[in-house]
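Everything below concerns the one structure shown next.
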2 protein chains.
Amino acid sequence: MEQVSMEATNPNPSSMSGVAAASAAELLCCANARALLDSVDAFLFDCDGDKLIDGVPQTLDMLRSKGKKLVFVTNNSTKSRIQYANKFQSLGLSVNQDEIFSSSFAAAMYLKVNQFPPHKKVYVIGGEGIVQELQLAGFTALGGPEDAEKRAQWKSNCLFEHDKYVGAVVVGLDPDINYYKLQYATLCIRENPGCLFIATNRDSVGHMTDLQEWPGAGCMVAAVCGSTEQEPIVVGKPSTFMMDFLLQKFNVSTSRMCMVGDRLDTDILFGQNAGCKTLLVLSGVTTQSTLDDPSNSIKPDYYTNKVSDILSLLGE
Amino acid sequence: MEQVSMEATNPNPSSMSGVAAASAAELLCCANARALLDSVDAFLFDCDGDKLIDGVPQTLDMLRSKGKKLVFVTNNSTKSRIQYANKFQSLGLSVNQDEIFSSSFAAAMYLKVNQFPPHKKVYVIGGEGIVQELQLAGFTALGGPEDAEKRAQWKSNCLFEHDKYVGAVVVGLDPDINYYKLQYATLCIRENPGCLFIATNRDSVGHMTDLQEWPGAGCMVAAVCGSTEQEPIVVGKPSTFMMDFLLQKFNVSTSRMCMVGDRLDTDILFGQNAGCKTLLVLSGVTTQSTLDDPSNSIKPDYYTNKVSDILSLLGE
């Protein structure tokens, strides 16, 4: 892969929704399914919802056989890509780790494409997934699960020592967040010249259990914003870093990508803002009536009941 | 004390600095010290710096003997007022707990003056100081140090139970911050109808040790902002809740209060924005040359070397 300098950007969610609202969503049918397939080189599937992949192995196989790139996108940073591939495998889906774009991987790739110096280190607030991806990319990671039980000493003459070679702090969802980690990250960002502050994502909450929404990475990221008075570089959704990365890696432009997901205000809006085609599946949180409601201004290019409709409509 | 409804407000720091910049600071001398004394009914001393009270027992005694109210203001919420009074005592300063206005006390008083229903409960992210002040004001406090070792269970079918009677969450500096507390506070604010979100203060860092700045309450407050997508009611500096409270309690208007402190961008600006007179002491972080620098737009009404100059200039 060529080394290029890329900035992760956070598009203004409202900037293009007006354009999108002007055209109605088309129900996927034989004719436009064929046109979609011909106009797209990469399908991006959102994996953060609950019913992301509903019995679609044959659909994925067909898309691969047509030479389409498949990318499974998730803001969850707790797992590495290998761990994700294993999880998909256990669900009966054959997904290669190269097809997974998790925010943990995104953080490592951001450093890679921005030529982060190999002698510098990365401090992690987050889980094993981030640490693993950083190490796989050749970086030295500190913190993460290793610092789960550490405690900062509150004594009047105490000096909290931190590594002066830390050149980036990566913050993601951390079920073992503590004051020690917050202080370590804060000192690196405030005191190490040029230290980067990278957020896997800023989701306020997520489905950590089936029954409730729990604080997401946005909670830990905000904590570090609060103590450092700095804003992070976001590499997961809704940042378009992923699209920039795919363009570099596979030479696929965003106009030839199709974002597939079940949420209008995240998946579809994100895809539209990045300049991708969009396909809404009604197998998740969005119903036909929500899509059709006059108050909804976010219209995907196409919609269908479920991912496997692509296969049946093409008669393959 | 009468029960009144008060809103804690966060003044725009830039809104009045232009006015202040127009008039130069006067060096305190015999004549204007007398005028200051005659025009002020309450002196507010900032206690968050390092050298706040430099050998001033006689000065404080003199001010008290003239019938002046003394208020020792701190954003530190880890101690209760009783604990602060004991700390002052150990430094050889006789300060009554009624003269202390800590942000822990401010949180309890905010609930009191806003008639928080006594059957409702308060969840605390923070130290013993907040819990004690809430209890002294007659409220039921949950969380705080008691939840320091608790852990949220990350199981797919786990339901995190929280008390539906929690009607307010108070967030301050918490050296034992953890995911359990963040999840508890988040659920209360997101799911209990009308639940208040109160911050003792939003200081990004503070002098927890003599050698370094460590993450302050602003870190924990931001974390809860991140997971709840809500902004807090701030009761400590630079909110003017304290002035509103003193007006109600002692019937002293802000124009007859004088804020005394050693920091231009916090103490003096805060006093000016609240409409108080201001006295800068050069015994702390601000030097004469910083004050006189053309780039400094924050000019106190008066300045002097140290607090005890008030006594010597008045010849008492």
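Glycine too: its Cβ is placed from the backbone N, Cα and C atoms.
The active site, nucleophile annotation in TrEMBL covers A:Asp46. Following the DSSP three-state reduction, the secondary structure of A:Asp46 (active site, nucleophile) is strand.
A 10 Å cutoff on Cβ-Cβ distances gives A:Asp48 (active site, proton donor) a total of 21 other Cβ atoms nearby, all chains included. Residues or ranges marked as active site, proton donor by TrEMBL: A:Asp48.
The Cβ neighbour count for A:Asp46 (active site, nucleophile), using a 10 Å radius over every protein chain in view, is 24. Among the features that TrEMBL reports, Mg(2+) binding site is placed at A:Asp46, A:Asp48, A:Asp262.
Annotated substrate binding site per TrEMBL: A:Lys237, in sequence order. Under DSSP, A:Lys237 (substrate binding site) is assigned to coil, being neither helix nor strand in the three-state scheme.
Note: the Cα of A:Asp46 (active site, nucleophile) and the Cα of A:Asp262 (Mg(2+) binding site) are spaced 8 Å from each other. In this structure, the C-alpha atom of A:Lys237 (substrate binding site) lies 15 angstrom from that of A:Asp262 (Mg(2+) binding site).
Comparing local CB density within 10 A for the binding-site residues A:Lys237, A:Asp262, the maximum falls on A:Lys237. In this structure the C-alpha atoms belonging to A:Asp262 (Mg(2+) binding site) and A:Asp48 (active site, proton donor) are separated by 10 Å.
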